[in-house]
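What TrEMBL lists as substrate binding site is Arg19, His131, Thr351. What TrEMBL lists as pyridoxal 5'-phosphate binding site is Gly106, Tyr107, Ser177, His205, Thr234. Positions annotated as domain 'Aminotransferase class I/classII large' by TrEMBL: 39-379. According to TrEMBL, the N6-(pyridoxal phosphate)lysine annotation covers Lys237.
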Amino acid sequence: MDFALQAALDERALSHLYRKRLTHAGPQKPFLQVGGEPLLAFCSNDYLGLAADPQVVSALTKAAHEYGCGGGASHLVCGHSQAHHQLEEELAEFTGRERALLFSNGYMANMGVITALTHASDAIFQDKLNHASLIDGGLLSRAKFNRYPHLNYDLLEKRLMQSEANRKLVVSDGVFSMDGDTADINCLSHVCQSHNAWLMIDDAHGFGCLGENGGGVSELYGASQENVPILIGTLGKAFGTSGAFVVGSNALIETLIQFARTYIYTTSLSPAIAEATRVSLSLIQTEGWRRQQLRALIAYFKNGCQALNLPLMPSSTPIQPLHVGCSQQALKISDALRKKGMLVTAIRPPTVPDGQSRLRVTLTALHDFTHLDQLLDALSDLGSLFVEPMEREL
Ligand code: PMP
């Protein structure tokens, strides 16, 4: 067995696609301690800097004393605590939806929702750049599975018109995780309503960051429950904890409780995490300075990259990727930044399409302008590495 496994591993390494984990000590902060060395990190999804916020941490420890550490059982057995229940009510209110349902993580929420809502006689339509968990949910369901080109809503509409499926489910990221651009929720909602399709938006990267109150793409576009009937958020990013939620109508939530296998057959999220998340939800709403700081940092970074003529991809979110193309080259730049004391992840296939490797720079409210100056100086030194090898030889 090991021989066959090793051959596949060697092949992955040869094509510069081998993935390695990085072990760090201490909390999520702009500087991560890696092997005793502080590295300035631009790769965390802790966009608002809440993962190590003292108020969130103290809510977690207090709740651990009250509830213990683990959920103890699945929600439907005896794992549904008052902490879960209150968080669900607060999330429903925050998002202006009838009800909310917690899942243990976003991957399971997406798989569970898609498979609970669709059957063999149905069809699912997904943006080509959707997150792996949405794609996997689509593959696992027995429905007909279509993928439309990124943000191409004309083609989506044509395919919806041609479809004779019983239920039609359109699924899109709100903010695309590796590109940082956003779905046009108004357009998607209009197309779905015109063709009797249900719209599901996974706003894992938008909640907390976008909209005046951090309500994500749904708030940004003023989309109600009617416009986006199935809305997903994750708690491991801007909320700084872990887990996920689905918000929508009472009928949607009851359907998920009855039929979503990834909800039914798994241990509930730690109740202490639920209590900590209640505090981060309140900070998301009350501490608007975190979003203001993010917006200022995004503008500063974009200006800096433009001045250096760096291949910044179009995004106005904290995800600011720099296009490289070749995987080997992306790794080379990431390694060179590491030598300069900075962590920026090289994102390669299959996470992104072939030939579209990139450096995924993510910003958090805890960064400051001096951190960005350090990154921009380093990128300026490495600027020639962003040119495709063919062009460099010319
Ligand atoms: N959806 C999107 C768009 C994501 O980027 C991610 C995680 N990177 C998930 C879902 C999965 O969320 P979780 O980490 O909570 O499993």
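The chain as shown is numbered from 1 upward.
Glycine is treated like the rest: Cβ placed from N, Cα and C.
Source: prediction; values computed, not measured.
Annotated features taken from TrEMBL, shown on the structure.
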| residue | record | contacts (Cβ under 8 Å, 6+ apart) |
| --- | --- | --- |
| Arg19 | substrate binding site | none |
| Gly106 | pyridoxal 5'-phosphate binding site | His131, Ser133, Asp202, Ala204, Ile232, Thr234, Gly236, Ala244 |
| Tyr107 | pyridoxal 5'-phosphate binding site | Ala132, Ser133, Asp136 |
| Ser177 | pyridoxal 5'-phosphate binding site | His131, Ala204, His205, Ile319 |
| Lys237 | N6-(pyridoxal phosphate)lysine | Asn45, Asp46, Tyr47, Ala204, His205, Phe207, Gly208 |
| Thr351 | substrate binding site | Ala132, Met178 |
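For the binding-site residues His131, His205, the largest tally of other C-beta atoms within 10 A is found at His205. Close contacts with ligand 1, defined as a Cβ under 6 Å from any of its atoms, occur at Tyr107, Thr234 among the binding-site residues Arg19, Tyr107, Thr234, Thr351. DSSP assigns Tyr107 (pyridoxal 5'-phosphate binding site) to a helix in the three-state reduction. All protein chains shown were included, and the count of other CB atoms within 10 Å of the CB of Thr234 (pyridoxal 5'-phosphate binding site) stands at 27. Counted over all residue pairs in Arg19, His131, Thr351, the record's binders of substrate, the longest Cα to Cα distance measures 18 angstrom. The pyridoxal 5'-phosphate site in the record is lined by Gly106, Tyr107, Ser177, His205, Thr234, and its two most distant CA atoms lie 13 Å apart. Ser177 (pyridoxal 5'-phosphate binding site) falls within neither a helix nor a strand when secondary structure is assigned with DSSP, and so counts as coil. Mean pLDDT for the domain 'Aminotransferase class I/classII large' (39-379) in this predicted model: 97.
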